[in-house]
Each structure stands twice: as structure tokens, then as C-alpha cells.
Amino acid sequence: MDNQFLVTSSPHVRSEFRIERIMLDVVIALIPALIAGTIFFGIRALMLTIISVATAVLTEYVIEVLTHKEITIDDFSAVVTGMLVAFNVPPTVPWWIPAVGSFFAIAIVKMCFGGIGNNFVNPALAARAFLLASWPVQMTTWTTPGAVDGVSSATPLAILKGSEAVGAQLPSLWSMFVGNIGGTIGETSALALLIGAAYLLYRRVINLRIPLSFIITVGVITWIFGPNGLFTGQFMYHILGGGLILGAFFMATDYPTSPVTPLGQIIMGIGCGLLTSVIRLWGGYPEGVSYSILIMNMVTPLIDRYTMPKVFGTGEVKKVA
Amino acid sequence: MCAQILTFKGGVHPHYNKELTNRLPIERMPVPDEVVIPLSQHTGAPCEPIVKAGDEVKLGQKIGEAKGFVSVPVHSSVSGKVKAVEPRMHPSGRFVNSVVIENDHLDTLDESVKPKGDLEDLSADDIKNIIKEAGIAGMGGAAFPTHVKLSPPPDKSVDTVIINGAECEPYLTCDHRLMVEHPEMIVFGLRAILKALGVKRGYIAIEINKPDAIEAMEKAASGIDGVEVVRLATKYPQGGEKQLIKAVTGREVPSGGLPADVGVVVDNVGTSHAIARAIKEGMPLVERIVTVTGQAVKNPKNLLVRIGTMLKDLVEYCGGFNGEPGKLITGGPMMGITQFTLELPVIKGTSGILILPEELTKPEKIRPCTRCAKCVDVCPMNLMPLFISAYALNNDFNTAEKYHALDCIECGSCSYICPCNRPLVESIRLAKREILAKRRKQA
Ligand code: SF4
Ligand code: SF4
């Protein structure tokens, strides 16, 4: 018997969790929403997503080659970022908008801070904010599904806010749930997003702390502060409309930019919910999900610091019976 | 008996792989021609040898005398002739003074090996003395001298004893088989422990993945006052002392404290069995059950082995390797220690020999932490492994200490779950060492 044994530190077995598998799961979970977006907005939605993903992956690869860093595109996180950037733009934008967005997300937000795990805000959302500030017209031109060429329309939240032409009709809740409404490529179908979210929960990629506290907070606040006095809000429209489902399950849960402590995750969700509601009800935008997540991203280190879990055995000592 | 299933917060569910050996009865392994008995097999001061080369020794004869209170003597596991007293390689990775004995295969018993009388007639001090003289140290792995545990300081009032039959380490089945095959001995040992401590309540705690052990133990314990079998969820590290106490009694051992601080003493089933033998037969701890297992072992087995038998002999007895071996581990896959050689003796704390095949031990890429929080979710001590590890790797041990590095029980759950393959426990262990070294310097 020879003595060629490997000597390492314990433990000697590992779980099946691998970061590349987790990121692949996120990609898989986003596919129903991509299919829904393609059905409602046409093949253009799919093309924009492909352009966005390709730009994201290529940008990461080129930067890593140029800076002589380890190539990390095999962890699929750039694919996820690319998909999320595309999901956050309207289906009518010119093709270069998601490309610029993905380049910005990877080159500026992710790589400048040292790659995965070090960026302090969600790259896709930072890209959305950047695009919105730079090309406001293109980024807020909405169409109703099936009418991509030209006819612009209002999103349900804009109608709710009354900032669009008088007479615009709110779509039925069912249309909103299925996704037959105006909006960005990825946020249109709550149903498709929830299917993906269920998959992520089943695979234990995410837990419910952030999404649930986020959605419940938005629901409660928008219900209480309704347009016709207290407790008259159409909270279901707020939950199903806009990017809430997409944001709550797929972006607020982004690992590097959300808290790691259980309590911190709930605070993150509630914080996002409060900010979203405030922006939607009293702010200048009909939307609010992206900005609130970005703001909470920035206080994440602080939340982690102040929500350290109570270490086993540091509480009150239970007296011997 | 309550059928409630008890557990703790956190933890992981590794593949157990117990089916390799959990149905195989304990097999007595032939005694080798030579044994190597280290004079340090427990936590605490090593023994002084009391034999020299050329001496004749008998089975059960004391060959090493305990030095100090936190120490236990060592006995010969065969009869024969002492060949040498010299430093030999020990499973801890160091050279340790050891007694090498040539076996005459007669198993001539030492005069001291005789029954110690009825448990009813023994006083608490008698029992503790028998346990100490029999060289009994915890057989779950840590090998802390048992009589020390049974002598808590007078200001700690112990009211509960827990016999740890969780066996939460994957692969290992030595405790499982012992419970199935010798349940009365374990109950007898528990009664002796209760009497030594003057305690009325004893639990035997077993994970529910061992229904046959639960059944056997319940049968053996039925009708015995104050003794109860409790069911534990199958989850790692359910058998960790603090997690076990929390699950069974609801009490939390304070940070930096001992089980006795919450009135509990925990002993492993193997220890309880050894105590029973020491009282009933007068036989000191000279043999133990070792699970030889892993996909890279041809015929995995549960073996009753004399202390001092070489790992090589055990593996040979099990048919040798199956395919290309990758890692040799003493203990289980979560907390066991890798060894680079089979030329090592079985000692009192050797619960298993695990040989993993090469394909299961390929080193994997370490990636940067993504802050996925999985390590935080699984840590049974409620620590934040990602931060302690990051500070430790940055040589910032003061901050690591503020994040409670010293509370880590080194269970490995965090490293097990980390999707980025971070060396979490490894770096936390380093931080603990540095922090303790600094404290010693300041003291
Ligand atoms: S499990 Fe690994 S990747 Fe996840 S937070 Fe902990 S150290 Fe980081
Ligand atoms: S930090 Fe320590 S106690 Fe917590 S999971 Fe890791 S090894 Fe176990």
C-alpha cells in the first residue's frame, strides 16, 4: 500500500452548492420571464436580451484579459447581470441601449470594485439608473404588448399616479398578473417571474426574507395611503405592476449587495418596501423599485454591522431546573 | 417515552453514507503480532512509562502512569514482551513516546483485571476511581479524561446526564452498532455515571436515522428510573456537545463555558460502554470499536480492535483499497483529521478510519466570497463565518475576536456549505490559535 494520501484541513466533504450552479439557476429562473417578454413584446425583446448578455460577458472577459486577472465568466454571474439589464429596459429602446447598460454594469460597477462580491450596488440597477439619467426619453417610452411599432401607451402605475393622459384605462388585474401590460421587458409578467422565483426557492438559491418583507411592506403602505383616504389604496396594482416582483425576488436578493444576517435581510426588505411606496405615492416617479434597492444596497454594510446574530450562549443563562 | 424529535438551529445535511456499514455486526479483529501504545491518548498530561524494554507484560496491565489530575493511565492491550519504549508517529501528527509490545497471543490476564462488585455496593468515589484507573477518556473523539468530567467543581450543581448516541458524523457507525448490540452495557454505564455524580436524570439521545438503535436502547432502558431515550433530528452537528444539550434540555452552555455550567454532563455511548466493562469485568480500556469505511475500502467493517493495532492492519483486514485512495481520515469526514500514512496506531479516540476515493477528493477552485450568507444560515453557533474568516486572512485577529471567533466549535458546517469553496474553518481555526496565543502572552 502506498502512502500517497492528500492532507488537508477538515471538512473533507462539500455540499452540492457551487456558485456557478447557483448563477445558472438564476439564469434558468429568469427564462420564463424572458419567454413571456418575447411573447408579449415580440422577438425584439429576445434580441435585446441576447445583445445585453453578450456585451456583459464580453466586457468581463476582455477586462480580465487586459488586467491579467483570472477569467471568471464561467461563474455565469455576467450572464445574470446581462439578462437583468435587458429586463430593466423598455422593449422599444434602440439596440445599443442595453449594450451600453451592460458595459456600464460590468466595467464600471462590477470590475472597478474588484469583481464578484465586492461591488456595493447591484450592477444591473446601477446601469438602469445610468441609462435613465442619460437617455430619459428612450427609457420611458412604453408600448402595449402587440403594438411595438410606434403606438406609445402608459404603464399601469403611471395611470394610477395620474401622470398620463386623462382617460387611460387601468388594465385588469388578470392582465397584469399574466403580463399583458406595458412595462420593461422583464417585469411584464408577474406569473412568469413567480414561476422562476419558486424555482429559486426550491433550489435554496434565495430565501423569502427579503422578497416577502419587501412585497408585504409595499402592499400595506399603498393600501393604507390610498387616493381616496386611508385604506383605499389599490395595493394589488402596486404589487403586480412595475418591477416589484422582479426587483423583490431577483434584484433585492442579489448576494453581494444585500445583508447576510437574517434580521438584516428583513430590514432590507422593509426598507426597500418603504422607499418604493414613498417614491410611488409622493415622489416624482411612478416607479420606485430600482432606486429603493440601490439606496438599501448602500446601507447594507451598516445593516450587517448592527444586526449581528446573537451568538449561541451569549444570552441569559437558563437556570438549572 | 416521548416521541418528540428534538434538534437545534442551523446545521447541514451531508450525505450520510452510513449504509456502507450500519447493518454489519461488530467483528472482532485478530490481534496483531505487535502493538504500539502511545503514552498520550487523551487531552491532558501524557503518561510516564512504568515498563521498559525486555519486561513481560500481561493483558490489562498498567504500563503508563497518569501524571496529574487531568490525565489517565495506559494499559497493555496484549500479553507479551516490551520491545521498546520510544517515540513513534501518533495520529495527532507528532511523535509521541510509545510502548511497543510483542504479542505472545496468550492474552494472559493481569491480576488487577477482576470484577469490581455490585454497582449498589460502590460509592461515588469508588466509581470515579475505577473509571480513572481503567484509563477511560471520552471515546467520541476529543478524549477528555472521563473522571474529570465526573468531578465538577462543588459550585456547579449537575442535575442531568446525557449519553451521546447521536453519531452525526457521516460514514461512522461504531456507536450505532454498539447501541444495537450492547444496549444493556450502555445503560449500566449510564447508571454508574448517574451514581458517581449523584444525579437522578439520564437521557440517551439518538438521531432518528438509527431506528434499530432507538428500539434496542428503549428496551434496555425500560423500567429503569430516571433514564429515558430521546429522539434527535438527523442533522449535523447534532452530536456537538452544545447542540446536544440545547436540543435535549433547552439550556444554552454559556460562551466560553462548560456543560457543567448548565448542570449537564455529556458522555459518548462508547465511554458508557467502557465504564460498564471496567466495573463488570474489571477490564481497562484496551480495545474499542472502529468503523473502517469509505468508498475506497474494499470491504468496510465495524471492528473490535485492540488499542495499538496499526491502521494498516485494519485496512488490510478489510480487503485493502478499492480503486485509487485519495484521502485517509481518522474520524469522520466533517471533523476528522487527514493522515499521510497508515503506519499509525489505533488510540482510545479513534472512532473510524475513512478512506475517500481520489475522485471525491479533487481540490476545487477557491472563488471570492459572494456574500451568499449560506455560512451564516448554517452556523450552529450563530456566528458570521465569512467575516471572521476575512479578518483572519487579513491578519486582523482583534476584529476576528470581536466577531466571536473563539465560540466556533470547528464543526465545519460553514466550509461544507460555502458555494465558493472558501477555507472558512481553516482560517477561523488560525484566528482562534492566534487569539489564544495572545491571551496567554498577556496573562
Ligand atoms: S458561504 Fe461562502 S460565499 Fe457564501 S457568504 Fe459564506 S463565505 Fe461567502
Ligand atoms: S464558524 Fe465554526 S461553529 Fe460556525 S459553522 Fe463554521 S466551523 Fe461551525
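These residue numbers are counts, starting from 1, taken along the chain as shown.
Every residue, even glycine, has its Cβ placed from backbone N, Cα and C.
What TrEMBL records for this protein:
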- B:357-389: domain '4Fe-4S ferredoxin-type' (DOMAIN)
- B:CYS369, B:CYS372, B:CYS375, B:CYS418: [4Fe-4S] cluster 1 binding site (BINDING)
- B:CYS379, B:CYS408, B:CYS411, B:CYS414: [4Fe-4S] cluster 2 binding site (BINDING)
- B:399-428: domain '4Fe-4S ferredoxin-type' (DOMAIN)
Per 10 Å Cβ neighbour count, which of the binding-site residues B:CYS369, B:CYS372, B:CYS375 ranks highest?
B:CYS375
Where the C-beta lies under 6 angstroms from ligand 2, the matching binding-site residues among B:CYS369, B:CYS372, B:CYS411, B:CYS418:
B:CYS411
According to DSSP, how is the domain '4Fe-4S ferredoxin-type' (B:399-428) divided among helix, strand and coil residues?
17 helix, 0 strand, 13 coil
Which of the binding-site residues B:CYS369, B:CYS372, B:CYS375 has its Cα nearest to the Cα of B:CYS414 ([4Fe-4S] cluster 2 binding site)?
B:CYS375
Counting other CB atoms within 10 A of each CB, which of the binding-site residues B:CYS379, B:CYS408, B:CYS411 comes out lowest?
B:CYS408
CB-centroid shell, 8 A cutoff, [4Fe-4S] cluster 2 site B:CYS379, B:CYS408, B:CYS411, B:CYS414, site residues removed:
B:CYS375, B:VAL378, B:PRO380, B:MET381, B:LEU383, B:PRO385, B:ILE409, B:GLU410, B:GLY412, B:SER413, B:LEU424, B:VAL425, B:ILE428
Rounded to the nearest Å - Cα separation of B:CYS379 ([4Fe-4S] cluster 2 binding site) and B:CYS418 ([4Fe-4S] cluster 1 binding site):
11
What is the number of other Cβ atoms found within 10 Å of the Cβ of B:CYS418 ([4Fe-4S] cluster 1 binding site)?
28
I'd like to know which of the binding-site residues listed (B:CYS369, B:CYS372, B:CYS379, B:CYS418) lie near ligand 1, counting only a CB under 6 Å away.
B:CYS369, B:CYS372, B:CYS418
So what's the mean pLDDT when you look at the domain '4Fe-4S ferredoxin-type' (B:399-428)?
95
State the Cα to Cα distance, in Å, between B:CYS408 ([4Fe-4S] cluster 2 binding site) and B:CYS375 ([4Fe-4S] cluster 1 binding site), rounded to an integer.
12
Beyond B:CYS369, B:CYS372, B:CYS375, B:CYS418, what residues of that chain have CB atoms within 8 A of the centre of the [4Fe-4S] cluster 1 site's CB atoms?
B:THR370, B:ARG371, B:ALA373, B:LYS374, B:PRO385, B:LEU386, B:CYS414, B:ILE417, B:PRO419, B:CYS420, B:ARG422, B:LEU424
What is the interatomic distance between the Cα atoms of B:CYS411 ([4Fe-4S] cluster 2 binding site) and B:CYS375 ([4Fe-4S] cluster 1 binding site), given in whole Å?
12
